[in-house]
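These notes are about the structure you will find just below.
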Amino acid sequence: MIVGILTTLATLATLAASVPLEERQACSSVWGQCGGQNWSGPTCCASGSTCVYSNDYYSQCLPGAASSSSSTRAASTTSRVSPTTSRSSSATPPPGSTTTRVPPVGSGTATYSGNPFVGVTPWANAYYASEVSSLAIPSLTGAMATAAAAVAKVPSFMWLDTLDKTPLMEQTLADIRTANKNGGNYAGQFVVYDLPDRDCAALASNGEYSIADGGVAKYKNYIDTIRQIVVEYSDIRTLLVIEPDSLANLVTNLGTPKCANAQSAYLECINYAVTQLNLPNVAMYLDAGHAGWLGWPANQDPAAQLFANVYKNASSPRALRGLATNVANYNGWNITSPPSYTQGNAVYNEKLYIHAIGPLLANHGWSNAFFITDQGRSGKQPTGQQQWGDWCNVIGTGFGIRPSANTGDSLLDSFVWVKPGGECDGTSDSSAPRFDSHCALPDALQPAPQAGAWFQAYFVQLLTNANPSFL
């Protein structure tokens, strides 16, 4: 369901060469698909756009050429190759290495007490900023272009959704270290999102690892790689959201064979992640779905029991601060009038949700859990959703409350933007390998590119409907 930043968009290798004018008539339009595995459509782009690799399943026609100055920055931070250091980010550990010795922590740790969002400024995701500057702004003018530039400066999380994305984490932390040495006090924000058989109840964001093909061991190597980076940059506070959708699927979707098969692997992998990343400079939040998913009365206690068990089975790690809600979703924080699509559930916003599940966590042995809530796409209420469970590229949405630790709520550590607005949730093309029917519903904006690809029309929608406004 949830899509992170699955791939680089704007400035990786250009795939399409110049096409004669007579052939342009059959080329894809700007923002259309122009390549990818099993793609049988046009592999060229209309005049004024260039075919750019996005992922193995998708290449996209982007405006202009990939050699602009704004694209150069993106290229320097989105390489698909491993970093040229002694660290290995591709080797798979032997099957027997299911538990590894916890290596020592680096010196100069950015420790904290209490709310980890207090006393630091979350870092604005440079990759997302490069997308906005190179993909969104060139086709905007006037006030919209100025507003888009302001969006690029809002702190948002970077998604580590493949092993190949870990060099981006390293580069980001290096940039933060430089900024902090020059007088800043920044913290890094990342999403750990690479479970084997990921997204078990949907199709749009299937990941790179399979349980049947050594996925658990590969995932542990992915976590080891992240840990090495975090230890190397132990002078920087690092804020992590752990595996969106995974545990929530274990609450409600075990009737789906893929989820039932993945249950033990999910729990083993998440235990490994929160144990290995239990570092003095780290604060972690397990993804906890949202009010319209686990906030229903029948789901609240089973969810709380599962989250508390994960916490206790990992020996109550200090760095596991609590839960993240509404990641990549659309619910308002404290709206007072329930939208029609929430009918039947008294827990119709995220504030009600965290105050419902917080005491239940304590009942099950996790008494000091706190929360963050994603408001990146929650600015317009009600949304255009026809059903509360409609999650893909929903119409009638806008950028929401800006990230801030000034929440006015004892359980909420911070408002955050976890989902970078403008990156697609999933394709509306029913012939695509990762097509999910939710992305072709009447309340999904269409036509939509592959998950993770830039969706200009959606970015414009979010910007137009933003509350507070950027205009």
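A Cβ is built for glycine as well, from the same backbone N, Cα and C atoms used for every other residue.
S139 is the residue among S47, S139, S246 that Swiss-Prot labels O-linked glycosylation site. According to Swiss-Prot, of the residues S18, S130, S205, S234, S130 is the one noted as O-linked glycosylation site.
Here the candidates are C392, C424, and Swiss-Prot names C392 as the disulfide partner of C439. Looking at N38, N334, Swiss-Prot tags one of them with N-linked glycosylation site, and that residue is N334.
Of T121, C200, N334, all annotated as recorded positions, the residue with the shortest Cα distance to C439 (disulfide bond) is C200. According to DSSP, D245 (active site, proton donor) is assigned to coil rather than to any helix or strand. Taking the region 'Linker' (66-106) as a whole, pLDDT averages 35 in the prediction. Ranked by CA distance from C392 (disulfide bond), the recorded positions S133, S139, D245, C259 have D245 at the top as the closest. The two recorded residues, N334 (N-linked glycosylation site) and S133 (O-linked glycosylation site), show a Cα separation of 32 Å.
The candidate set comprises the glycosylation sites T111, T121, S134, N334. Of these, S134 has the most other Cβ atoms within 10 Å. Counting in whole angstrom, C200 (disulfide bond) lies 23 from N313 (N-linked glycosylation site) by their C-alpha atoms.
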